[in-house]
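Down below is the structure, laid out as structure tokens.
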Amino acid sequence: MKARGFKTKMRGFKIFSGSAHPAFGKEVSKHLGFPLSKAVIGKFSDGEINIQISESVRGKDIFIIQPTCVPVNDNLMELLVMVDALRRSSANSITAVLPYFGYARQDRKAAPRVPITAKMVANLMQEVGIERIITMDLHAGQIQGFFDVPVDNLYGSIVFRDYIRSKALKNPIIASPDVGGVTRARYFANQMGLDLIIVDKRREKANESEVMNIIGSAKERDVILVDDMIDTAGTICKAALALKEQGATSVMALGTHAVLSGNAIKRIKESALDEVVVTNSIPLVQKCDKITTLSVASLFAEVIRRIYHNESVQSLFT
């Protein structure tokens, strides 16, 4: 996908990038056809974030690219401080472009006396002056309802779809790595015109190991596991092993957000997975031969262009 440049109509537009993923910001700006605007991002001696906008933004429509990935708290705070600086500099509007939305997993009260942190983060973003959110594959779709401003939740499946078709797999089938991800996997299966199977993880009794039940048949199939994020990689690695034991020819995992915490890379290297495909929504620090990274920068660039020109975003995915 290639964003149509709009240099002739960019007088009221500026795009900034935080320090969370500068390479992504540069790639988006390249697709749009003009450079990032400048800001000095630093820290005081005690670790407090200090930001100075280096050019006039008075009356401009601002887009800030900043995934709230590791270190989550620093990157979130940097975003909020930058928004405050821009608002106090008389920006006309401020849109936060969050390829990865951190704190999305705490979207409900799953136990007594716990926070709903996703809602709290939404409140913070709105209170500081963010007027629109562009993000991708939210962990829970209902997070869009935590905001009282427009939220464009993009689908990473648009790049995965093209990649899978280029592989020319002989007997592909889509799989959800757990019951909770069925809706997401079904959506992708429908897009691809493929069947769906489910890996059902159960613990029959306390202190017993988990049993991986597969709903459907993976025998002699090229299985494509679909998830929104890969964190510790435990779930997809266990699912891949169960699928191979049932006779799957190959197992590939698609995960929009490569969080890859702890020993995730080691698990993937030693797993039954043949390939793991992720996007560059988060900077990939560690390398692994099994991991393929697809860029979504052109997708975000085109969405930014469409929003700036008041064009439909949904038509990209239909």
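Just so it is clear, glycine is given a Cβ too, placed from its N, Cα and C backbone atoms.
Swiss-Prot lists K201 with the feature active site. DSSP assigns K201 (active site) to a strand segment in the three-state reduction.
If you look up Swiss-Prot, you'll see D46, G47, E48, R105, Q106 marked as ATP binding site. DSSP assigns D46 (ATP binding site) to coil in the three-state reduction, placing it in neither a helix nor a strand. Long-range Cβ proximity for D46 (ATP binding site), meaning a same-chain Cβ under 8 A and a gap of 6 or more residues, is found for none.
Annotation comment: Swiss-Prot describes H139 as Mg(2+) 1 binding site, evidence class sequence analysis. Within its own chain, H139 (Mg(2+) 1 binding site) has F101, A104, R105, D107, D228, M229 as residues 6 or more apart in sequence whose C-beta sits under 8 angstroms from its own.
According to DSSP, D178 (Mg(2+) 2 binding site) is assigned to coil rather than to any helix or strand. Listed in sequence order, I198, V199, D200, K201, T235, A239 are the same-chain residues at least 6 apart in sequence whose CB falls under 8 Å from the CB of D178 (Mg(2+) 2 binding site). According to Swiss-Prot, the Mg(2+) 2 binding site annotation covers D178.
Secondary structure at D227 (D-ribose 5-phosphate binding site), taken from DSSP and collapsed to helix, strand or coil, is strand. Long-range Cβ proximity for D227 (D-ribose 5-phosphate binding site), meaning a same-chain Cβ under 8 A and a gap of 6 or more residues, is found for S176, P177, G181, R184, T235, I236, A253, L254, G255, T256. The D-ribose 5-phosphate binding site annotation in Swiss-Prot covers R203, D227, D231, T232, A233, G234, T235 and is backed by sequence analysis.
Most Cβ neighbours within 10 Å among the binding-site residues Q106, T232: this distinction goes to Q106. Comment: ATP site residues D46, G47, E48, R105, Q106; largest CA to CA distance 30 Å, whole number. The secondary structure of H139 (Mg(2+) 1 binding site), as reduced to three states from DSSP, is coil rather than helix or strand.
By a simple count of nearby Cβ atoms, those within 10 Å, the most crowded of the recorded positions E48, R105, K201, A233, T235 is A233.
When Cβ neighbours within 10 Å are tallied across all protein chains shown, the highest count among the binding-site residues G47, G234 belongs to G234.
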